[in-house]
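According to Swiss-Prot, the features are:
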REGION    1-105  region 'N-domain'
BINDING   34, 87, 159, 161  Mg(2+) 1 binding site
BINDING   47, 71, 159, 232, 234  DNA binding site
REGION    123-254  region 'I-domain'
BINDING   180, 182, 234  Mg(2+) 2 binding site
REGION    339-347  region 'Interaction with PCNA'
REGION    353-372  region 'Disordered'
COMPBIAS  353-366  compositional bias 'Basic and acidic residues'
């Protein structure tokens, strides 16, 4: 679900935290990607011309494999080294959000069934996309594909986005990539959004710098987390009637979520606290996430196993052999020499004095002669 309204608040108060660029601008970078999030995107976006998911002859869905294979190759071709991080067990507090998602899927199934044969292709497709979920089998297939491609993947003990942020904080990668804005609660130096979107969607990649974001909001780490909880996150529901502007204002006025809760309890306000609202437990999950220390994780990119890819993707999953071989060659070429250095890795940026430096007298005379 992410955090409602956080994106807009940061754009409003911390515009310098945002940058937009194309995939090629990330050349020379290593990036930790929330695998479950991008698999979900692939299952929704990678479709046949009739709107149905890709399948093999046995009727097994292959949209997730197609998306993972070709988008990863595109990154490697742009000299980007991806590492995919998979979710572990969900926190107990997330059970409520997961239950809501299940109920939404059940409702979508009822609405789709009610359409019968009278629904348009667009209507049926709308409900089918709401029914999408990433299965355990699809996760395992994605891991197998990545292994054959020579791309590292990490099994997080808990939340994938928290582990992505840990890898970024620990210097193993440049940034964490996820569509969930709550990734920022785990303090990655940079958050990348839309990284795994298809180029056909023509959406630039968004980069959000964590330090600039909280500096623009003029908040501490703790206040930022409290703001995210107040806006509504996966771990607990929001307070009815409190939107992004009000949430920001309340944090500024009261300083913490504890003080806001006390203010609501002790004063006649239009706000009602949810029953047994676990805001402090949610805060602890953001403050002390269950992750594997970055220093304990070794990331290695290897040459693809072409024979293994042919066996899995062509013989088992029904993909074109020519396309898989072509993709494997692109992987070999992209991964062969390692990550090339970026220019900003060779040059130190030095701030110049704001005052205009005095012109060299010789330069001044020369320039005057040229003008004559």
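Heads up, the Cβ atoms here are built off N, Cα and C, so glycines get one too.
Structure coloured by features recorded in Swiss-Prot.
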residue : record                : CB count, 10 Å
34      : Mg(2+) 1 binding site : 28
71      : DNA binding site      : 22
87      : Mg(2+) 1 binding site : 20
159     : Mg(2+) 1 binding site : 29
161     : Mg(2+) 1 binding site : 32
180     : Mg(2+) 2 binding site : 21
182     : Mg(2+) 2 binding site : 25
232     : DNA binding site      : 23
234     : DNA binding site      : 22
For the region 'I-domain' (123-254), the number of residues DSSP places in helix, strand and coil: 71 helix, 15 strand, 46 coil
Nearest-integer angstrom distance between the alpha carbons (Cα) of residue 234 (DNA binding site) and residue 34 (Mg(2+) 1 binding site): 16
Environment of 34, 87, 159, 161, the listed Mg(2+) 1 site - residues of the same chain whose CB lies within 8 A of the CB centroid: 36, 37, 85, 156, 160, 162, 163, 164, 178, 180, 183
Mean of pLDDT values spanning the region 'I-domain' (123-254): 91
Mapped DSSP class for residue 71 (DNA binding site), helix or strand or coil: helix
From 34, 87, 159: binding-site residues whose CA lies within 10 A of residue 180 (Mg(2+) 2 binding site): 34
Closest of 34, 87, 159, 161, 182 to residue 71 (DNA binding site), Cα positions, binding-site residues only: 34
In sequence order, the binding-site residues (34, 87, 159, 161) whose C-alpha falls within 10 A of residue 182 (Mg(2+) 2 binding site): 161
DSSP three-state assignment (helix, strand or coil) for residue 34 (Mg(2+) 1 binding site): strand
